[in-house]
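Peer 1: Sharing a structure with you now.
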Amino acid sequence: MDSVHMSNCVYIGCDMDLHWLDVVTMPCFADPLPEKRTVYVDNKYPPGVEVEVPVKYPSNRIISSRYTAWNIIPKNLFEQFHRIANFYFLCVAFVELLIDSPVSPWTSIVPLIFVVVVTFGKQAYEDWLRHKSDREVNDRPAVVVREGQEVKVTASDIHVGDVVRVVANEEIPCDMVMLSSEDPEGGCYITTANLDGETNLKTFTCVSNTKFLQTESFQSFRASIECEQPTTDLYKFVVIVKPLSADNLLLRGSRLKNTQYVFGCAVYTGQDTKISQNSKFKSHKYSRVEKKMNTFLLIFLGALALYSAIWVGLKFAFYEDEAHSEEKMWYVEAEPEMSALVAIEEFLAFMILCNYVIPISMYVTVELQKFFGSMFFGWDVEMYDAQLNEPAKANTSDLNEELGQVEYLFSDKTGTLTENLMEFRLCSVKSVKYIEVGGVLCHQPDDDVSHFLRVLALCHSLHVDKPADFTCGTYSDTGREYDYQASSPDEKALVEACRRYGVIYHGTRDEAREVSFHGDMKRYQLHHTLEFDPVRKRMSVIIQDEDDRYWLLCKGAETSVLERISEGDVVTVETHINDFAVLGLRTLVIAQRELTSAEFKEFDTMLHAARKSLENREGKLQTVYDQVERKMTLLGATAVEDRLQDGVPETISALREAGIQVWVLTGDKEETAVNISYSAGHFNHSMEPISVTKQNIQEHVNTGASKKHALVIDGMSIAFALQDHADLLRDLCEGCVTVLCCRMSPIQKARVVKLMKESKNDPTTAAIGDGANDVSMIQEAHIGLGIMGKEGRQAVRASDYAFGRFKFVRRALLVHGHYFYVRMAMLVQYFFFKNVAMIMAQLYFTFYSAYSAQTIFESYFLTVYNVTFTTLPILIYGIFEISVSSEILLKYPSLYL
């Protein structure tokens, strides 16, 4: 084979023997397209590949700091003088040095220096903490394999292409493709709590053809990996070398567990890693008070300029009258020469004389007040969650006072209002309802029930954490020793229910899933997993049983599965699902499809082709999924209970009494959502629910609603209304006492929040959720609140404030929000008041000093007035003032607004 063909392949070279691994569809030596990168394992090029200029990638050094030793002074000063007050006083100080100033230049320079130095010190300290944290990360020891030898380096010295060895309980130092591990099957366990907050163990796999590689093998190993450029998506990895997926990529910040060691090839380092990419794109929010402060400053500047211009005119008029007066004032200087230059000098002199109306120290005082306020928020023991061992957390201090002005609170349901602890309660199998009694579903399970339970035991993405004394091939008779680790509480509840009924999932061995049916062990070869996503609202697996029959096993929402059923009693199952929903239970539809060998080969080829694609991979996969998940046989439906969190009804009632409208936005079906709303106190029997659908939305929009109505609307109706009737929909919602939106996608949640943000009343909105599907809503609202739940920490990372339970939102808004707003309002008003109070004396004195731009105060007084005499007292007030006790605020929520 010639060299060109050889360079199109990834292989291992051991001495002179070539072992082919895989075929790469694009030549390794071709210039990479902008959206791709080619990584050479151990930075060794396969034969026939010539790279004239190696691509330079970012180092693995993490830099979260804003400044360096050489740029902190100019950069910080540049940032500080972007503020109106600071820039204004800098200009004033400059003018005082140029003209015959009525006051000493030091009266502006000293306060300006004080404010700048205090702000500089605060930001320098915060940046020093970031530098310290960066050093701890960058100086961590790491081991790389070079020329078949293990070399100790620091994490910052890892480069793209390096083969990295990570041992048990170590953090992954970079984003790397897993090549091998101590596990003969090439697997490892990882916890990603630092990335998304999920504490359960996840299974990652290596490239199947490299799982035998050890340290010495890498001396002769040659391979290349073509992958996409860095992205923020933690759950997506587009690459060609088998193909691979996110299950083969170990992310920086995750930690190796229950595995002695793994080897991986670094593909993303430093700022290219997904954890760094995700830290960049959180949009900054500004509070209304901050915006009004800038507005007030501009108004005061305008008023100051106007008064200065008036005084210049009065001065020239005064001297004109004095010149023609018979009784001249001997102590008044001669009439000044009338010229534009003299007018400008006089104007600037008056501006300098009264520039103290601008509160120079207000910004730094506000920053300090917010900083200490956010610390008190986190120190509040009443918002400490003992179960999670997590205190409340303020991710920003910029929006403290906004917590005291919330008018709309948009809440997710699952995991936010509920515990997200699922318990299997009921099911429907072949038109028959079953309920668990004494841990038994039915005494004599038939084939239909067995097929139903088989889907539950096999169609999932969880893995089994077995005791350490369980060797390979050792099984539990009852399964009670197994700890099922799942990212979805629903999946865990269903598999645990199967275990109670004698259908035990034992895990995966040799790429086959092992399930025992009442002691009879069966092995199912797992070929493909069609992961769940919010668009499809279902997941599937393609398996091969011991009789070489191929099966597609599927579970998902009834809206996405029932329309794909070709065989089964859909009407009866729909009736049962509605019955389950009335009880407030979460439902899933279970279905399967037997594939012929020809169909499997066709779908297998299509899936492999789609997964190898570097362009529009997700779209191509969705197309294949849509073709595979059809013509299914309906097996039944499951119903699991998600218990309401403690304190939810009391919290919603208190918020409503405080004047805050609480809306619930959920992906659940209408019946389930309505029943949970009644249980949570979101709905009560004094309200009249009106259900809006796509068919009747026009009628309801035209007739309107009243304050006794509770609006129930689904995602399809909202999407329809937002196209042409957004204003009418907003009016309808504002006319109701509360709103429940069901069957909502994540983007629809964000659009509902945006709809109300654009109201003519300009309300302050807050959104609260616990999962990744709530991130868009949280970021869209003025204030984002995150629940530290069981669906990861994406919502917490995207939020402005976070806590462990929904009930804490009551204290966060009614107590801390009230305190923050009252303190900030008083602080800002006081700053403007004290400066106006001082300058009024100067204004009156001007009329009695012949408009001579003379000051009534001594220079030292002007120097310390803004900094010492009047700033520290109001700062202490703004930090510690408690106008009403927290007990009274919680007892009488109407004090909130």
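Any Cβ shown, glycine's included, is placed from N, Cα and C.
A TrEMBL annotation is a machine prediction, not a hand-curated record.
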Peer 1: Among Arg586, Arg805, Arg810, which residue does TrEMBL annotate as binding ATP at the site that also has Asp412, Lys413, Thr414, Glu491, Phe532, Lys555, Thr666, Gly667, Asp668, Arg743, Lys749, Asn773, Asp774?
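Peer 2: Among Arg586, Arg805, Arg810, only Arg586 appears alongside Asp412, Lys413, Thr414, Glu491, Phe532, Lys555, Thr666, Gly667, Asp668, Arg743, Lys749, Asn773, Asp774 as ATP-binding in TrEMBL.
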Peer 1: Around the C-beta of Arg586 (ATP binding site), how many further C-beta atoms are within 10 angstroms, looking at every protein chain?
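Peer 2: Cβ-Cβ neighbours of Arg586 (ATP binding site) within 10 Å number 24.
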Peer 1: For Asn773 (ATP binding site), which of the three DSSP-derived states applies: helix, strand, or coil?
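Peer 2: The residue in question, Asn773 (ATP binding site), is helix (DSSP, three-state).
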Peer 1: Ten-angstrom check, please: count other Cβ atoms within 10 Å of the Cβ of Gly667 (ATP binding site), all chains counted.
Peer 2: 22
Peer 1: Just going by other Cβ atoms within 10 Å, which of the binding-site residues Asp412, Asp774 has the emptiest spot?
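Peer 2: So among Asp412, Asp774, the binding-site residues given, the one with the fewest Cβ atoms within 10 Å is Asp412.
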Peer 1: Can you tell which of Thr414, Asn773 has the least company, meaning the fewest other C-beta atoms within 10 angstroms of its C-beta, among these binding-site residues?
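Peer 2: Selected from the binding-site residues Thr414, Asn773 on minimum Cβ neighbours within 10 Å: Asn773.
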Peer 1: For the C-alpha pair, I'd like the distance in angstrom between Arg743 (ATP binding site) and Asp770 (Mg(2+) binding site), rounded off.
Peer 2: 17
Peer 1: As a quick check of your reading of DSSP, tell me how many residues in the domain 'P-type ATPase N-terminal' (55-109) are helical, how many are strand and how many are coil.
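Peer 2: Taking each residue of the domain 'P-type ATPase N-terminal' (55-109) in turn, the totals are 28 helix, 0 strand, 27 coil.
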